[in-house]
Amino acid sequence: AMAKSKFEYVRAFEADDTCLPSCWIVVRLDGRNFHRFSEQHEFKKPNDDRALQLMTRCAQTVMQELEDIAIAYGQSDEYSFVFKKNTKWFKRRASKFMTHVVSQFASSYVFYWKDYFKDQQLLYPPGFDGRIVLYPSNQNLKDYLSWRQADCHINNLYNTVFWMLVQRSGLTPVEAQDRLRGTLAGDKNEILFSEFNINYNNEPLMYRKGTVLIWQKVDEIITKKIKLPKEAEEKEVEVTRTKTKVVPLHCDIIGDQFWEEYPEILAEDS
């Protein structure tokens, strides 16, 4: 509680930013000016496994710190975090959700950088911006996540063809853009197959589908020292214990199969 004083009236200037009840709260963050950041830090094109895995590591850290997140979805330099529909976390204040998620993510990005970019020095601090959107129904939320995964597919297909034209056909970026202007998905698939012998459907799922983070019970085997009756020395034994961990998946979330397989994500009492 704040101390009582004659200056306390200034609290009246604070705006009420409480999120509506019974709505899914989605915090989506994006890398700020990551085109420049990726060039400066020599990210591999069209996809850099190190960068994608670092983003996922940061998102896992956010979920572990803020346990009211039911599911997260990420692709490229963005991640969406979905808070439980009936969360009471920080009295549902939007500013608290957004600042906690973005600050935890950004600090994790710097902290874990060296684990993924061992030979690449971090040249300057990365920045991330965030926004909050409320979705009143389960279908609204599923459609939102479907939209982000569809965006992942569209962008990755374009980038895959674009960088093949630049790296292997020797086109300039402007020439590659001109070549792809007005093309449909089928046209891009045909260019990949006929010119580069690449079947887009065989590209890694992480590139095509993005990354879904969910909570799952996982069995872990640990070694413990115990002292058995009638024995003088301790013995090491293997013990299996079950923990709930944040697990990454690379799968389709647009169809019904994912939601049928993990109904607890949308459950009111999850």
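Note: Cβ is positioned from N, Cα and C throughout, glycine not excepted.
According to TrEMBL, the feature GTP binding site maps to Asp30, Gly31, Arg32, Asn33, Phe34, His35, Ser76, Asp77. The Mg(2+) 2 binding site feature in TrEMBL is assigned to Asp30, Asp77. Per TrEMBL, the feature Mg(2+) 1 binding site maps to Asp30, Gly31, Asp77. The annotation domain 'tRNAHis guanylyltransferase catalytic' is assigned in TrEMBL to 7-136. Sequence annotations record features per position, and here TrEMBL assigns domain 'Thg1 C-terminal' to 139-255.
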Within its own chain, what residues at least 6 apart in sequence put their Cβ under 8 Å from the Cβ of Asp77 (GTP binding site), listed in sequence order?
Asp30, Gly31, Phe34, Ser38, Ala51, Met55
Residues lining the Mg(2+) 1 site besides Asp30, Gly31, Asp77 (CB within 8 A of their CB center) are Leu29, Arg32, Phe34, Ser76, Glu78, Phe128
Including all protein chains shown, what's the count of other C-beta atoms within 10 A of the C-beta of Gly31 (GTP binding site)?
21
